[in-house]
């Protein structure tokens, strides 16, 4: 991208933390690995709206409600719907994203009716490599949820994570699968090691990471946003803003789910100093105008 194009900032709200019974080897949210993170059930809605308000003040135009666990239950669907209604009622001008695991068409329609705009469900890696990193559910179940998102009329956000020991062929396979789903946005995550996790280290270097950002942009040409999300600071260090020269046009500001990020103020000041334009309003797709 050039400096005249807008960069979109997104913030996440960790609505429920560290309560997941799945065994994804890259994720500290799993109770199986006993990582030293905060663990709590659903936040109260007042706190969620407060975080959304702060996110908007910090420059975010997207706000994602994330819960731990394999997927939506009827109870969790109702809660996320109520939270979505409350955030929308605050008239903050945020594009609202939900990221709550595997979901049925009916559950997703309930979220859409409550004001959710996008649903984020990542494929994580290739179909072939997936059993290496998770045994409690299948890659096919994840892909089906992505199809359900589209059937429910929500905009799909779908990406993955790099650096877990996968091959370049796995990375290409995942990107091809993501492209087949024609997502609105594609979040790219980079594995953040934690001593509690079975995966010991990130297996890609910074130049490979830049190349993967560029590859995702080339192979998913219709995506409105290629977003660099988890692992940005760790992976790219003081070169992190170069991602925008390689095809990214969005990133997550503030903290991630269980790891700390840079302060939004530092990110915004750095981007402005480099001459980048930061989007002031959420993006609407042609069928939403």
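Glycine is no exception: its Cβ is also placed from the backbone N, Cα and C atoms.
The [4Fe-4S] cluster binding site feature in TrEMBL is assigned to 20, 24, 27. Under the heading [2Fe-2S] cluster binding site, TrEMBL lists 64. Marked as domain 'Radical SAM core' by TrEMBL: 2-232.
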Cβ packing number for residue 20 ([4Fe-4S] cluster binding site), 10 Å threshold: 21
Other CB atoms, at most 10 A from the CB of residue 24 ([4Fe-4S] cluster binding site): 24
Other CB atoms, at most 10 A from the CB of the residue listed as '[2Fe-2S] cluster binding site': 26
Residue 24 ([4Fe-4S] cluster binding site) versus the residue listed as '[2Fe-2S] cluster binding site' - Cα distance in angstrom: 21
Cβ neighbours of residue 27 ([4Fe-4S] cluster binding site) where a neighbour is any other Cβ within 10 Å: 23
Non-site residues, in chain order, whose CB comes within 8 A of the mean position of the CB atoms of 20, 24, 27 at [4Fe-4S] cluster: 22, 23, 26, 28, 29, 30, 68, 134
